[in-house]
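*Asks:* After the structure tokens below, expect a handful of questions from me.
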């Protein structure tokens, strides 16, 4: 780049001199020719770039990666603002105007590098004398140049009136403010490096330095905007730097107020850490990495640090260094309750506690139903009524038929009351309530649509797997459809598990099987009446007929005297029909043989 620009410049100058053959006509020809001026501008920019690299080597040595990144980032914004300034001052556009803006951008770059290099002093433990010499020489040179250009702009405005020098005067005044802040930071860092122990008040001085310089920048930008609007036009190129200056000043004010509040809370609200607390925990302060023997404070989050370390920390941020808890919010005292709030709290305590319905006893090894709302796809269902034919309440006592019937009656009354009190009861023949009776009324379009089940459940084929591989739109849609199918299957499985557990809870544990004696009575009535053997007569009028839905029936009363006279006082046993018939036939044959 350097060689090409140098060759182009030499060729242009040689061509102009070849045409004019004299120095003055050659200079006039170069200044009037647009292509020649463009090549000369390029050569001037190359020379400025080379001068900047040389001065960077002299004052900074090797630039760090962070410094180069910040320089490039700020340079792009500065070039954009310079182009906007060219549009505002298009009437004053000239080679001298371009040279002044180029020089301003050149000096801005060195101001930014000086600021980054001084900030590096706080993170570097070893600072050489060469570093101090370079920084002091650079700050002295930049300060002298800023003061010179400010005085030059002032004299130009006084003698010639409002011109483009107004912009350069305010720009160099702001650069003077920046170099002043850099110099104060350099002094503070140098004092801190010379002391053996960390300087606690350095953060305080740096905070007030930023507050002071930020206030000066805001005043300068406001004055510059006011003057430019009155004498020329609205300075569009100054909007971004003025906004950044105001934001920085606002941040400095907020940091100053919040840091003072945090330090006041630390001195008044936070207790000192005792020796037992220091021994019970790791007594190394994570801010300075030194052991805490005395002079430690315990924050509301129970983390302990040096008091001096906390004071320096709170100058920048008001959070716990370990857990990032906001110490200002945690330190707010509780507000006393007003009489109205106390009365409302007293009334809330006097209100009766709502009675929670008892949970049903689930069989061993079974899980209770899932709570409503766990799966948002399915709305919560109402209370399930007992399944028809299932025992209600406790199982009846076989030894006490009266208590069984009484408990059955009470259970029936309870079920009637429950069915009246719950509108979402199940319809006859259905073990579950209707889906829309046991749930609250939703707003329009409030119920999500039921998803369509997947086409198959045997797994994904090779074609479906290949359809999901890739990063195109159809591959993404295939993966989303697969996830939707999985979500549908999981919701359906959870619903069926909930229904299954509800049915198990309603039917209760299994009861021992009890056979009915009605079949034996029917078989006894079919025996021939011409037999000479006296068959046992059962008093059917005293049999209590029970409903088929009940699991246990009352004992059937029989004529014990008749049975005793015929069979020697034996009580009939509940046996199957074929065994009873066989026994009776054997008795009949034995009676016939004896006669």
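We count from 1, first residue shown onward.
Backbone N, Cα and C define each Cβ position, glycine as well.
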*Asks:* Would you mind telling me which of 72-92, 93-113 Swiss-Prot tags as transmembrane segment?
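*Replies:* My reading of Swiss-Prot: the transmembrane segment range is 93-113.
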*Asks:* Per the topological domains given in Swiss-Prot, are residue 163 and residue 484 together on one face of the membrane?
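*Replies:* Residue 484 and residue 163, as annotated in Swiss-Prot, occupy the same side of the membrane (identical topological domain).
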*Asks:* For the annotation zinc finger in Swiss-Prot, which listed range does it cover: 245-284, 285-324?
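*Replies:* Of 245-284, 285-324, Swiss-Prot gives zinc finger for 285-324.
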*Asks:* Hey, which of 1-19, 130-150, 164-184, 219-239 has the most Cβ-Cβ pairs under 8 Å against the transmembrane segment (93-113)?
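*Replies:* It is 164-184 that shares the most Cβ pairs under 8 Å with the transmembrane segment (93-113).
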*Asks:* Checking distant contacts: for the transmembrane segment (36-56), what same-chain residues at least six beyond its ends satisfy Cβ-Cβ under 8 A?
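*Replies:* 1-2, 5-6, 8-9, 12, 16, 29-30, 63, 95, 98-99, 102, 106, 109-110, 113.
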*Asks:* Within the topological domain 'Lumenal' (185-218), how many residues are helix, strand or coil going by DSSP?
*Replies:* 27 helix, 0 strand, 7 coil
*Asks:* Fewest other Cβ atoms within 10 Å: which of the binding-site residues 285, 309 wins that one? Let me know.
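*Replies:* The binding-site residues 285, 309 were compared, and 285 has the fewest Cβ atoms within 10 Å.
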*Asks:* Mind checking which residues reach the topological domain 'Cytoplasmic' (57-92)? Cβ under 8 Å, same chain, six or more beyond either end.
*Replies:* 101, 104-105, 108-110, 112-113, 116-117, 120, 134-135, 137-138, 163-164, 167, 232-233, 235-238, 240-241
*Asks:* Can you give me the same-chain residues 6 or more apart in sequence from residue 306 (Zn(2+) 1 binding site) with a CB-CB distance under 8 Å?
*Replies:* 285, 287, 288, 290, 292, 295, 296, 297
*Asks:* Cβ under 8 Å, sequence separation of at least 6 from the ends of the topological domain 'Lumenal' (185-218): give me the contacting residues as numbers and ranges.
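*Replies:* 118-119, 121-122, 127, 132, 135-136, 139, 174, 177-178, 245-246, 248-249, 252-253, 255-256, 259, 288, 308, 311-312, 315-316.
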*Asks:* Using a Cβ cut-off under 8 Å, which residues of the same chain at least 6 positions beyond either end of the topological domain 'Lumenal' (114-129) come close to it?
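*Replies:* Distant Cβ neighbours of the topological domain 'Lumenal' (114-129) are 60, 64, 66-67, 70, 135, 138-139, 142, 178-179, 181-182, 185-186, 189-190, 192-193.
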